[in-house]
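Now, the feature entries from TrEMBL:
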type	residues	note
DOMAIN	1-382	domain 'Amino acid transporter transmembrane'
TRANSMEM	16-37	transmembrane segment
TRANSMEM	110-127	transmembrane segment
TRANSMEM	133-154	transmembrane segment
TRANSMEM	220-242	transmembrane segment
TRANSMEM	262-284	transmembrane segment
TRANSMEM	305-325	transmembrane segment
TRANSMEM	331-352	transmembrane segment
TRANSMEM	364-388	transmembrane segment
Amino acid sequence: MVGAGVLSLPYAMSELGWGPGVTILVLSWIITLYTLWQMVEMHEMVPGRRFDRYHELGQYAFGEKLGLYIVVPQQLVVEVGVNIVYMVTGGKSLKKFHDTVCSDCKKIKLTFFIMIFASVHFVLSHLPNFNAISGVSLAAAVMSLSYSTIAWAASVNKGVVENVEYGYKAHSKAGTVFGFFNALGDVAFAYAGHNVVLEIQATIPSTPEKPSKGPMWRGVIVAYIIVALCYFPVALIGYWMFGNSVDDNILITLEKPKWLIAMANMFVVVHVIGSYQIYAMPVFDMIETVLVKKLNFKPSRILRFVVRNIYVAFTMFVAITFPFFGGLLGFFGGFAFAPTTYFLPCIMWLAIYKPKRFGWSWWANWICIVLGLCLMILSPIGGLRTIILQAKTYEFYS
């Protein structure tokens, strides 16, 4: 659950301001916990059947064809988007590690660090399933806790910077508004585990006496407590110490102590290696299923080898071309994460369970839908503007 998006939260706070920032962080935590509970509940709502994929749940709620058209494109954009962002994150963290450990060494292009990060995935992508990457996932979970703690602890250690400013970063009204929109996407990106939750729940044994939703919900509660312990200190302390001078990745802002910042960046690398695989697995599954069932390819190791290597190469190429961490977070956070995380589970819940009109459940779902739609419409606008502004001064493949 704790993704690399946590590193952008102090920057998001600088675009949102104290009041709106804290409100949006807390609201997002509550809404996404509620929608995650809905998905866990809906996994086995039909006796004797399990919805092991997001699109299967969509098909049950909206119909065979419409469910596919609604869910699959959004899920693909989310998973591919996360993989691209994690390529950028991994490459930037490797570069920061290199520059921190060896400050006198010759500077190496970010492009090469992204390629180094991608090389790991050309190997790991051939692992067969989620269970095979459980060790990588465990390492990723430990790393995310570690670098989140280092991010806020090192900020406290540094103290409030001189002449700190908490006003909005932009100097124009338009810049402030678009920055606000982009920050909404940054927050949405941070709360993004819904797209693989059904696939994860599918790995848990289930019987009528002991359904999988019991242990899964306990896992979700633990995950969300950890999310709160990671996200809120990083966001609030990071912004408090650096104000609006904070970078879109707080570990890039922090410089000392050198050994600790280098270690934190290495933790980020290990974490996004595991997270990349968790989001890539459903994409591999989808592509290989289409090739075998629709296009009549013969299932083989060669097919898997080619498909997975092409996919890793594609995400690497896009990351090298557009390595804009903050802008990508804002764009993908709103465009894809808002629907699948904030309001699609609510629409499914209304379609399947049909709660009483104007009852508690009805109101809760409609509030989530309205807020999620606002997020989906506004934040990609801010994210796209941020990417365009950064691209103006960026030398491609530098």
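Cβ atoms here come from the backbone N, Cα and C positions, even for glycine.
Nobody curates TrEMBL annotations by hand; they come from automatic prediction.
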Any contact, the transmembrane segment (110-127) to the transmembrane segment (305-325), with at least 3 Cβ pairs under 8 A: yes
Take a look at 16-37, 220-242, 305-325, 364-388 and tell me which one has the most Cβ pairs under 8 Å to the transmembrane segment (262-284). 305-325
Beyond the flanks of the transmembrane segment (16-37) by at least 6 residues, Cβ under 8 Å: 9, 166, 168, 180, 183-184, 187-188, 190-191, 193-194, 197, 217, 220, 224, 227-228, 231-232, 235-236, 239, 341-343, 345-346, 364, 368, 371-372
